[in-house]
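As annotated by TrEMBL, domain 'THIF-type NAD/FAD binding fold' applies to 11-378. The ATP binding site feature in TrEMBL is assigned to 29-34, ASP53, 61-64, LYS77, 122-127. What TrEMBL lists as Zn(2+) binding site is CYS163, CYS166, CYS405, CYS408. What TrEMBL lists as active site, glycyl thioester intermediate is CYS178. Annotation comment: TrEMBL describes 303-340 as domain 'Ubiquitin-activating enzyme SCCH'. The domain 'Ubiquitin/SUMO-activating enzyme ubiquitin-like' annotation in TrEMBL covers 415-500. The feature region 'Disordered' is assigned by TrEMBL to 512-582. The feature compositional bias 'Basic and acidic residues' is assigned by TrEMBL to 521-541. What TrEMBL records for 542-553 is compositional bias 'Acidic residues'.
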Amino acid sequence: MGDRYSDGVSSLGPQTMETLRKAKILVVGAGGIGCEVLKNLVLLGCERIVTVDLDTIDVSNLNRQLLFRREHVGQAKAVVAREVVARLNPRACVEAHHANIKDSKFSVSWFGEFEVAANALDNVDARRHVNRMCLAAGVPLVEAGTTGYLGQVFVIKKGETACYECFPKPSRVAYPICTIRSTPDKPVHCVVWAKELFKLMFGGGGESMLYEDAAVEKSAYAGLAAEAAATRSPAIIARLLVALFETDVAKQIEAGTYKTAKTTPKPLVGLRVGTPPSRAASDWDRREWTVEECAGELSLSIQDARINEFDKDDPAAMSFVAAAANLRCANFGIERQTLYAAKGIAGNIIPAIATTNAVVAGLQVSEIVKVLTSQKPSYTYCLRDPTRKGYLLQPTALDEPQPGCYACRSGSVTVALNTETTKLETFVKKFVVGNLNFVKPALDLGESGIYDEEDDRLSENLGSSLSDLPAGGIKDGAIVKATDFSTDLDLTIVVKHLPDLDDQQYPEGFRILSDQQGPSEPKKRSLRSDDDDDVGKKAPEVEEEEDDVEILEEPPPTKKRPKDDDVVLLLEEPPPTKKPRL
Ligand SMILES: Nc1ncnc2c1ncn2[C@@H]1O[C@H](COP(=O)(O)OP(=O)(O)OP(=O)(O)O)[C@@H](O)[C@H]1O
Ligand SMILES: [Zn+2]
């Protein structure tokens, strides 16, 4: 095989090197972890690689996505990654797709051509999809993710190990709307409020929920906010600041909102619009601004902000949110945040650490080698603090496929809902697509088709209640066969009629019964080590940004599901709350 691979031949043996050279390997995602994996694979001597990434290179990727340089900004990640790794090993043939892996061109048979696939993704949705495609195609999948200093890598093999969906993950942190509107007690509540204010003034991302229920206030403040956004006049902006941070708060106190509250807010009487903090100062985003500076910054950012959806990377939008959040913090006696910290909260960022990505990608490639050479794969955690034995990497045994998992065990799921009031459309959108993650669902009742994404003739059923559907309707005890053509998944849905489902607890209108496992009923994965600790199975996550601030929100103590109008912060996959020890 020549000199290029001589080190590999002497360490891994000629046979393994030949296996690696010939294996067709899929790498989904060419971001933080993906770049590292691609580089490792070609340097190891893998020559048949396909990568898919839907994104283009952003300047913020350059610090850690090692294949990319400034001149690549704006170009497709997959394409640039291919060009760069091809230079690292000209023998490697890398195929690049600038596309969404969920695109129908990446069919089950397309997946079936690979010997192994590796996920280097940053979201649950795409991960679930690849999980299902690999299960359907019988392709082993090496999953990986990092959250700051923490990381993990594990192998999914149909029928042998647990799949990505065997252990549903906690997914959301919700803040009650009244906390955001009236009784904040944490910086994050004020940041959420400021983001809603931004939405109110500059639009984007649906209606702001700040003043929804309070028509009177809505006319008083929403009107002024709209005027300030439209005119950008400093005088009107100054009036708005008084309205928001003095008058509104005073009014709420007067109305008795805080009679039973632990703390009463303070109106910012005589709020002065000071000089905004100087951007020339090196610490401008890392030091706490004074209240006057916040007012100045907010005024300036209102004058600068474009009508746009909030984006933490848009300087005017982020300054707006940091300044407004801090003024609100000042109202409620909450510690003010630097712009940098506020940005972390606003973007739900647990910043990525390049080294963790590199370590995880290395582990991932070692699992790829194990899969290709039929060695026993493992589940490896990458820890922040050493174990008692001094290890930072902790391999554990992989779990078995979970009997109730419909993704890898084409099993059944039982759902309770009101079959008389639930429309087929809701059932399909909220349950089959929204909860079960079907991409192209078709539903059969007995021998009759009742819904098929691709069959227009059946779309008239969408408006019917489940019990009124043809073929006897979906009533108590009905068995519906669901098929996802895109992921080749079959599932039996058993429907129970439940006329009085608690809509506070189950705002989506259905409840997955606990005797069956489904994504709404999280389970714990036990860590098999010589320790007695359990670790809630943490789904992998790939993170952004360069620095080392960790901002994590604990899920609310109650098990109550979020109500429709609660502000839900997507914190897709919190890291394990307990750390494994050896
Ligand atoms: N459905 C998908 N199909 C293809 N690629 C995807 C899909 N979802 C996510 N990705 C890619 O997975 C990669 C994840 O890597 P990572 O999070 O490190 O990068 P990033 O998103 O560029 O980071 P940042 O958010 O800081 O810009 C991204 O390049 C992203 O484009
Ligand atoms: Zn499974």
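The backbone N, Cα and C atoms fix where each Cβ goes, and this holds for glycine too.
Remember, TrEMBL labels are computer predictions, not curated facts.
Beyond the domain 'Ubiquitin-activating enzyme SCCH' (303-340), the same-chain residues lying 6 or more positions past its ends with a Cβ under 8 Å from any Cβ of the stretch are 60, 184-187, 189-191, 193-195, 197-199, 201-205, 229, 232, 234, 237, 241, 244-245, 249, 263, 265-268, 271, 284-289, 291, 294-295, 297, 346-347, 349, 547, 549. Distances between the Cα of CYS405 (Zn(2+) binding site) and those of the recorded positions GLY32, ASP125, CYS178 are shortest for ASP125. Selection of the recorded positions GLY29, CYS166, CYS178, CYS405, CYS408 by a Cβ distance under 6 Å from ligand 2 yields, in sequence order, CYS166, CYS405, CYS408. Ligand 1 lies within reach of GLY29, ASP122 from the binding-site residues GLY29, ASP122, CYS405, judged by a C-beta closer than 6 angstroms to any of its atoms. Packing around GLY32 (ATP binding site) is summarised by its Cβ count: 28 other Cβ atoms lie within 10 angstroms of its Cβ, all protein chains included. Using DSSP to sort the residues of the domain 'Ubiquitin/SUMO-activating enzyme ubiquitin-like' (415-500) gives these counts of helix, strand and coil: 21 helix, 31 strand, 34 coil. Using a 10 Å Cβ-Cβ cutoff, CYS166 (Zn(2+) binding site) registers 24 neighbours. The recorded positions recorded for this entry are CYS163, CYS166, CYS178, CYS408, and the Cα of CYS163 lies nearest to that of GLY29 (ATP binding site).
Under DSSP, ASN63 (ATP binding site) is assigned to coil, being neither helix nor strand in the three-state scheme. Sequence-ordered, the extra residues of this chain that approach the Zn(2+) site, with Cβ no more than 8 Å from the Cβ center of CYS163, CYS166, CYS405, CYS408, are ASN131, LEU135, ILE156, ALA162, TYR164, GLU165, PRO401, GLN402, ALA407, ARG409. Every protein chain considered, the tally of other Cβ atoms within 10 Å of the Cβ of CYS163 (Zn(2+) binding site) stands at 24.
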